[in-house]
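Colleague: Supplied in structure tokens, the structure appears directly below.
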């Protein structure tokens with residue numbers, strides 16, 4: 001495979017500098033202040049954080065290298081319809097800040113799964129905790145491995161060297177500095193991510209002769225396919241799948257996911273926590289618009305010679321690094337800045353995950369069963385950070401077995417996040433729900449989500465449902481065949497119906513199943529009204545008519 005150019009010394013310097021500064025922030029917080037003597041200091045920043053750094057950290061946590069490398073490719077292949085996710089972000093922030101945040105903040109809990117025991121039972125709490133750990137370890141492995149592979153193929157950055165260095169640096173500052181280090185490194189890393197994306201956008205606009213050329217090329221290539229109101233749930237991306245599916249998906253992340261909830265309960269007041277969510281909304285918009293526009297730049301450059309079809313890259317996820325080396329290699333250090341941006345995304349997500357995994361393990365699996373002092377819990381928190389850092393690096397090896405970056409990531413989050421969102425919503429919004437209903441709903445929702453997700457992995461949707469847009473190679477100087485074999489010859493009936501459901505609906509499917517089954521089982525098994533604390537229910541609860 002030929003590469004547009006390769007990494008220079010200055011690129012390595014810029015990339016290394018980003019890693020060193022991130023590690024330095026962890027070391028600083030390890031040695032400053034009281035040394036984080038309690039587990040609350042280590043895991044939730046002593047509940048003293050302010051809105052702006054927490055907002056930037058919320059944005060960085062789930063805007064990973066998958067956003068920097070995966071979203072532009074999504075737009076290049078399927079068009080700019082993905083920008084509609086901005087509508088989903090608005091709905092998600094409204095629901096998270098008004099329904100979920102007040103309850104978690106008032107209860108003053110370290111782990112969101114403590115709520116499940118208060119509302120349902122210890123069994124459901126443990127079930128929720130184990131699901132979260134599995135989901136987060138899988139997702140984090142993908143987040144570490146995917147960018148390392150893409151960048152290795154194009155720039156020659158050593159694959160496992162990159163995986164190990166990012167994993168080790170991340171684990172180092174999580175273990176040393178706790179949540180405060182994670183939040184402040186996230187702030188630094190959001191800056192690097194924006195700088196990397198803007199470098200690509202500015203240079204693309206200059207080389208193509210203005211934004212109007214890029215927009216015109218995209219329109220001619222059918223990439224500005226934003227207003228598609230087709231209600232068919234089998235269509236991969238439509239207005240409905242992105243706004244409805246996206247709202248459920250991102251609410252399962254920002255409303256109930258430990259990595260995010262842990263941040264806003266670390267704020268010093270409810271006002272700061274809500275402000276953090278609303279400032280984070282602006283950051284999410286900005287990152288999404290930049291990454292979607294990068295996808296249009298990518299198309300404008302390669303509209304006549306698609307590097308993937310021409311075999312210049314071996315996977316679509318390598319297109320962004322390929323473009324960067326194509327247009328920015330004459331500026332020493334700038335390709336390094338883009339790689340640093342991709343890895344900043346990785347570091348911020350992995351550090352959030354490691355910190356959240358440590359918090360959940362301490363709060364749900366260690367503290368209730370072992371009588372440890374605060375000092376011992378603080379050391380146990382650090383030990384768990386170290387352990388989960390190592391597990392996530394190991395999981396990066398498993399991640400190589402997954403498909404396209406963005407879709408694989410959203411599938412993982414949706415399959416587990418959807419049913420968990422349903423379980424929390426059932427408890428918070430429906431006073432009539434009981435433990436039997438919660439457990440039956442969770443198992444049903446999880447089974448259904450897993451069934452459709454695994455089916456979709458085995459039998460990918462046909463092109464008429466996913467609708468990739470045309471990529472051409474008539475402007476390339478190469479000879480060779482680009483014939484494809486048809487993988488859609490022998491398929492069972494379910495493959496073109498049930499398994500072809502848009503991957504964005506995996507989350508809502510799980511959520512709605514949990515709530516429906518949960519309510520039915522709760523009513524049939526006899527509603528329990530005893531000792532229901534009002535703090536466990538939302539002000540927006542559905543009036544109990546049963």
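Placed from the backbone N, Cα and C atoms, the Cβ positions cover glycine too.
Below are the features I grabbed from TrEMBL:
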type: TRANSMEM; residues: 12-31; note: transmembrane segment
type: TRANSMEM; residues: 51-70; note: transmembrane segment
type: TRANSMEM; residues: 76-105; note: transmembrane segment
type: TRANSMEM; residues: 126-147; note: transmembrane segment
type: TRANSMEM; residues: 191-215; note: transmembrane segment
type: TRANSMEM; residues: 237-256; note: transmembrane segment
type: TRANSMEM; residues: 277-302; note: transmembrane segment
type: TRANSMEM; residues: 337-363; note: transmembrane segment
type: TRANSMEM; residues: 384-402; note: transmembrane segment
type: TRANSMEM; residues: 408-430; note: transmembrane segment
type: TRANSMEM; residues: 437-459; note: transmembrane segment
type: TRANSMEM; residues: 503-524; note: transmembrane segment
Colleague: With Cβ-Cβ distances below 8 Å as the criterion, list the same-chain residues six or more beyond the ends of the transmembrane segment (337-363) that contact it, or say none.
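Modeller: Contacts of the transmembrane segment (337-363) (Cβ under 8 Å, skipping residues fewer than 6 from its ends): 7, 11, 14-15, 17-19, 22, 39, 43-44, 57, 60-69, 109-111, 113-114, 129, 132-133, 136-137, 139-140, 143-144, 147-148, 150-151, 155, 157, 162, 166-167, 169-171, 173-174, 178-179, 182, 185-186, 188-190, 192-197, 199-200, 257-260, 262-263, 320-321, 324, 328, 377, 380-382, 384-385, 388-389, 392.
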Colleague: Any chance you could find the range in 237-256, 408-430, 437-459 with the most Cβ pairs under 8 Å to the transmembrane segment (503-524)?
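Modeller: The stretch with the most contacts is 408-430.
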Colleague: Excluding the flanking five residues on each side, which residues at least 6 beyond the ends of the transmembrane segment (408-430) place their CB within less than 8 Å of a CB in that stretch?
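Modeller: Same-chain contacts beyond the ends: 64, 66, 70, 99-100, 103, 112, 115-116, 119-120, 124, 128, 131-132, 134-135, 138-139, 142-143, 146, 245, 248-249, 251-253, 255-257, 402, 437-438, 441-442, 445-446, 449-450, 453, 456-457, 503-504, 506-515, 518-519, 522, 536-538, 540-542, 544.
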Colleague: Between the stretches 51-70, 237-256, 437-459, which one has more Cβ pairs under 8 Å with the transmembrane segment (191-215) than any other?
Modeller: 51-70
Colleague: Sort out the residues at least 6 away from either end of the transmembrane segment (51-70), same chain, that have Cβ-Cβ distances under 8 Å to it, and list them.
Modeller: 142-143, 146-147, 150, 182-184, 186-187, 189-190, 193, 196-197, 253-254, 259-260, 263-264, 266-267, 271-273, 275-280, 283-284, 287-288, 291, 317, 320-321, 341-346, 348-349, 352, 404-406, 409
